[in-house]
Amino acid sequence: MSTNQQWDVNKALAVASLFHFLYSAGNACVIPFLTLYFRQLGLTAPLVGIIIGIKHLISSLWAPLCSYFAKSHSKRKVLITGSLLCSVGTGLLLTLVPPLNKDVMYKYCNISQQSSNLLNNGERTDEVGTTADNYNRPSGKIASSMNAINQIIQELETLASNETPIHRLEKETQTPEIGLLNVNGNPEKNLSIGGSTEFSLFQTNPHPAGRASYVFENPSSHWEKVRDVNFELLQEIHFLAREHQIFLMVLGAVVVWELVAAPLEWMADDSLYEYLDFVDATDRYGKLWIWSYLGAAGGACGITIFVDQLNCFLSAKISRLTVHFYGYAVLITLTLLISVFLPIHVSKKTEHVNKTVKALNLIGSDGRTILSAVTVFLTGVIGSTVQNFLFWQMQDRGSSELYMGLSVAIGLIAEILLYVFKSKLLRALSSSGTVALSLSCLSAQLLYYSFLWNAWSVLPIQMLCAFSNGALWWAVNMLVDDVASPGTERALHIVLQGLSYGCGASLGSFAGGFVVSNFGLAVLYRACSVSLALWLILFLIVQSKLPRQKKINYSRLLAADPSDESDSDEEKERDWLVKAMKDENFNRNW
């Protein structure tokens, strides 16, 4: 669409709001539950942390770069459409990854207690499928193999009690070597159901009928221990290899998915903001996030209500968690239809890189921006542990997915409600006071998460998300706006968000997975809570030592709207230029 065409701003905003609503709803169907899905596939916490960390790293580096090239080559419309279309396919790739073990999926299923009862009563085949189907999976083979070995050993011990010394002598010189060789060759093949397990394990070529060594003899205690160790090593190596295969498949799918989907929201936001800037309506851009939050809250709750009604498996090998990806595919397809009408601004300006460089220079040139950058980076590191492993903690306490979806929705809705009091909050506490309050709330949340006692206990504390996330960013943006040069405010906000949600979240994911593996979830959250409390003390000390003089933001002064006067009275009182203009106005009227 050409820039000289007359656009209807209200219509453009309505289309953009619907676009962000559907897109956020689709993301909320699957993104918060990714680590839960990875856990059911059988991946450990360190591997999950690596996958999510790489995902954040790709997003922080690739999204701005792709958005820049899309703008410079005027290909935003094509790339947005292609990104949405490919996101559907690449997202569904993860549903094709086979689980490590169905037992793991049962363990973490919301009806795992019922499944355990069925297992104890010998009714597992009715829930999962036929017994033969269970043996088709690697874990079933190994479990059956080990059971067969134990049964054989018991039979051999019974036979050994009737052995003659001659039998023992012949057996000790021949049988152990043969048995060990066959076991190391291919235990799963030798122990296949329907075959002759005994003969495949303990004999090679049959001897003449009169030879005593043909009889099943009991191995010596030494060779028995060696054989047991051999089987344990084989089982461990098999599981490790299988786990690494799943890890590589999941990592590959996530990388492709992130490369396709990460630039989408960035390009859509840039295009809409430039359009509103072109028609002098950027003030209406600031409330677009509310529609994204409403969509995310609806998507997270809606999909979990539906999933909670399902059994553990949709079919013999498909977990019900794959429904999250199907919901994502449906909503992203609807978003694709809406994107046809999305306002795309074609701008020939190339100042995007220059503004980003200026924003980076501003961060290092002022103590307050440095302090803000460290704060958001630290909250990104710590916040990633909540995003990655909070649902694990809830699942360990018996929580259903409905409570997980509600926890997401409560945090988002609370932030929207607090937005009504944003101006009063910032005036009452100032920006630094609001940051201190936000850090305190986040520290309290983390400590609370470490003591969850039942399925729903996480829900009340989620109200503090309004302060720990929303109020924190309002205060940080207010701090950096004081020192931002004209035209760099938005670029500075984007850089800080990338520092938090990209670099910080990536580092937190890498480290968090290993901490969970070695110390547990409770220790992770308590350590994060203490670290945040220590940073809060340091923040207040450093903040009190910094000079209070601020630079004059002439662009904001000239663009000031009468409706914003109540929001910035305190700032204007401290600005000598505003005071001088007021005095001059007063003298003229007098």
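Glycine is treated like the rest: Cβ placed from N, Cα and C.
TrEMBL: automatically predicted annotations, no manual curation.
The shown structure was predicted, so the numbers you read here are calculated from the model rather than taken from an experiment.
Among the features that TrEMBL reports, transmembrane segment is placed at 12-38, 44-66, 78-97, 246-267, 288-306, 326-346, 367-390, 402-421, 459-480, 492-517, 523-542. TrEMBL lists 17-527 with the feature domain 'Major facilitator superfamily associated'.
Pairs of Cβ atoms less than 8 Å apart link the transmembrane segment (367-390) most often to 523-542, out of 44-66, 246-267, 402-421, 523-542.
Counting only same-chain residues 6+ beyond the ends of the transmembrane segment (492-517), those with a CB under 8 A from a CB of the stretch are 44-50, 52-54, 56-57, 59-61, 64, 356, 359-360, 362-363, 369, 372-373, 376-385, 387-389, 392, 476-477, 480-481, 484, 523-524, 527. Residues 367, 371, 375, 378-379, 382, 385, 389, 393, 432, 435-436, 439-440, 442-444, 446-447, 449-450, 512, 515-516 of the same chain lie 6+ residues outside the transmembrane segment (523-542) yet bring a C-beta within less than 8 angstroms of a C-beta in it. Stretch with the largest number of CB pairs closer than 8 A to the transmembrane segment (246-267), among 12-38, 44-66, 78-97, 326-346, 402-421: 78-97. Counting same-chain residues at least six beyond the ends of the transmembrane segment (12-38), those with a Cβ under 8 angstroms from any Cβ of the stretch are 47-48, 51-52, 91, 94, 108, 250, 264-265, 268, 272, 275, 284, 288-289, 291-300, 302-303, 319, 321, 324-325, 327-328, 330-332, 334-335, 338-339, 341-343, 387-389, 391-392, 395, 401, 404, 408. Proximity of distant same-chain residues to the transmembrane segment (78-97), defined by a Cβ-Cβ separation under 8 Å and at least 6 residues beyond the stretch ends, is recorded for 30, 37, 41, 66, 70, 246, 249-250, 253-254, 256-257, 260-261, 263-264, 267-268, 318, 322, 325-326, 328-329, 332-333, 335-336, 339-340, 342, 344. Under 8 Å from some Cβ of the transmembrane segment (402-421) lie the Cβ atoms of residues 28, 32-33, 36, 290, 293-294, 296-298, 300-305, 308, 390-391, 394, 455-456, 458-459, 462-467, 469-471, all in the same chain and six or more residues away from its ends.
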